[in-house]
Amino acid sequence: MAGASGLGTGPGAAGGDGDDSLYPIAVLIDELRNEDVQLRLNSIKKLSTIALALGVERTRSELLPFLTDTIYDEDEVLLALAEQLGNFTGLVGGPDFAHCLLPPLENLATVEETVVRDKAVESLRQISQEHTPVALEAYFVPLVKRLASGDWFTSRTSACSLFSVCYPRASNAVKAEIRQQFRSLCSDDTPMVRRAAASKLGEFAKVLELDSVKSEIVPLFTNLASDEQDSVRLLAVEACVSIAQLLSQDDLETLVMPTLRQAVEDKSWRVRYMVADKFSELQKAMGPKITLNDLIPAFQNLLKDCEAEVRAAAAHKVKELGENLPIEDRETIIMNQILPYIKELVSDTNPHVKSALASVIMGLSTILGKENTIEHLLPLFLAQLKDECPEVRLNIISNLDCVNEVIGIRQLSQSLLPAIVELAEDAKWRVRLAIIEYMPLLAGQLGVEFFDEKLNSLCMAWLVDHVYAIREAATNNLMKLVQKFGTEWAQNTIVPKVLVMANDPNYLHRMTTLFCINALSEACGQEITTKQMLPIVLKMAGDQVANVRFNVAKSLQKIGPILDTNALQGEVKPVLQKLGQDEDMDVKYFAQEAISVVAQRLRKLDFPVKDSGEPSVPRADKNHFPRPRVPGEDTGKGPVYQLHGDTRDTLAQLEIAELVHFSQSRD
């Protein structure tokens, strides 16, 4: 890493003339030269503290030149530097001196690593807004020109992102130069530069005058859309959305549509995929007339494309296409021009295509109405519920609320049940997890009788699944079901089955009982918790497995606020005190935690709490997991100091002292 001229490279050099104020910059140099990347990174992240201590003049005259000369480091250090400099305007003297930040950021905008360049460009765009129009033309525009004419493609790609931020406030003569520079980058020899220009074409078009858009941007769009590199052509499709929003219907038909038709039939599937992915935005930008005449036929071609990725992207847009159509023509267009292609996709050979369609097809029912849904869509839903791919069945089930609003879910109930059962027993645990999350929705739509008859057993089976994430989700599912069906249903249907698990030979299942009680207690209320759940929890305090016992303590702590005073004092507290004498350190710890919560609860109820006289439980030794300390927790050791005076300056001095301490300790 290159050094900074005129500056010492260590604390000794800084203190040679007795000027201790040079210590911060000397320490920064030391840290930046350290072989440890993390130390250099930490130093960069403290630049604002250093600049604050140095003052605006020395930051401009010493710190920034040093940083400009040392742009040779690990990418993560440069990334942090680029991010820091974006917020440095106030530390160099405000907007009048914002141009001082441009040299180091210009260097960072030319490095090889993409993420560093992008962050430097982001900071440059931020700083450009703080320049006055005069300063913009004096400092920022020349920087953009230098980047745009740089020898390496890295600088030219960075320049593409800066034209749109400096163009609006430039004079007419400078605007013409900026447009010329952008045109040259759009025809650059390097594909990466053309790609960067294509990605910013729409953004640049938005800040140009309409005449310039027609005369200059549209020809650039046409050329980029026919580029030899498909990575450039697909980005031109994205720019098409922004350009279309600026032009009239007549101009769109003559200037844009020929190029867009060409993109729909492009030889590269990536370009066609981009058209499908941006179809909703294109539809809104083009308007209803062009949509009916050109975009609907194009969408039909995308739905029957030879590449599965394109078909899947188009299938994802089916619902949005229908919603964006004119209301008076919506039903006719979908029924006659879109639905035949959808029927073919239901039996597509690619599971991703079928899954994409299943995620949106249910939304068509609200557009087409009850009769069309029953006659045309219902057979498709039933076919997808029987599909061999679990993701397809899952996507249908997850969107049942759309159909329920139109025709009611009973129409699907007979086919729905086998699909749910298969998903509930799927070999992939993530599929089982997903269907659990939709169970409260299904329960609300199917009703309590259907649920008890067909689905209740599934919910209980999930509680003993071999995957913890499933057991946890099943526990939360029970709580949501109780909230939906009420406490009486829970008392008669769920609670007895949960409590039976307390005698299960598998300790994991016994622990699940406790987790269920934690979740259900609040939903069920005090009476059910005290009479039915609490006795089981207290009984489990004598379990032979320590994990169960300390979870008993945690459960008693959880349900404590729900219980009345007599139960807390007469039943809960004695059990917790016994657990507080347990041979296992973790059981002791959690019991002591619970005792303190119960005691606090009793004090709130104005119930006299006697000191048990028992010594406090020591922290677990090295063979046990210690409890992590809560951030900001008062340890009770030592005085609590307060900062007085100018807090910002005090914090800055503390940071500097810390840096100096580290530097001296190494020496």
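Each Cβ is built from the backbone N, Cα and C atoms, and glycine gets one as well.
The structure displayed is predicted, hence computed values, not measured ones.
Annotated features, as they stand in TrEMBL:
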- 610-636: compositional bias 'Basic and acidic residues' (COMPBIAS)
- 245-476: domain 'TOG' (DOMAIN)
- 610-639: region 'Disordered' (REGION)
- 24-62: repeat 'HEAT' (REPEAT)
- 101-139: repeat 'HEAT' (REPEAT)
- 178-216: repeat 'HEAT' (REPEAT)
- 217-255: repeat 'HEAT' (REPEAT)
- 256-294: repeat 'HEAT' (REPEAT)
- 295-332: repeat 'HEAT' (REPEAT)
- 338-376: repeat 'HEAT' (REPEAT)
- 377-415: repeat 'HEAT' (REPEAT)
- 416-454: repeat 'HEAT' (REPEAT)
- 494-532: repeat 'HEAT' (REPEAT)
- 533-571: repeat 'HEAT' (REPEAT)
- 572-607: repeat 'HEAT' (REPEAT)
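The DSSP breakdown of the repeat 'HEAT' (178-216) into helical (H, G, I), extended (E, B) and coil residues amounts to 32 helix, 0 strand, 7 coil.
Residues 460, 463-464, 471-472, 475-476, 478-479, 481-483, 487, 539-540, 543, 545, 547-548, 551-552, 554-555, 558-559, 562-564, 567 of the same chain lie 6 or more positions beyond the ends of the repeat 'HEAT' (494-532) yet place their CB under 8 Å from a CB of it. Broken down by DSSP into helix, strand and coil, the repeat 'HEAT' (533-571) contains 34 helix, 0 strand, 5 coil.
The average pLDDT computed for the repeat 'HEAT' (101-139) is 87.
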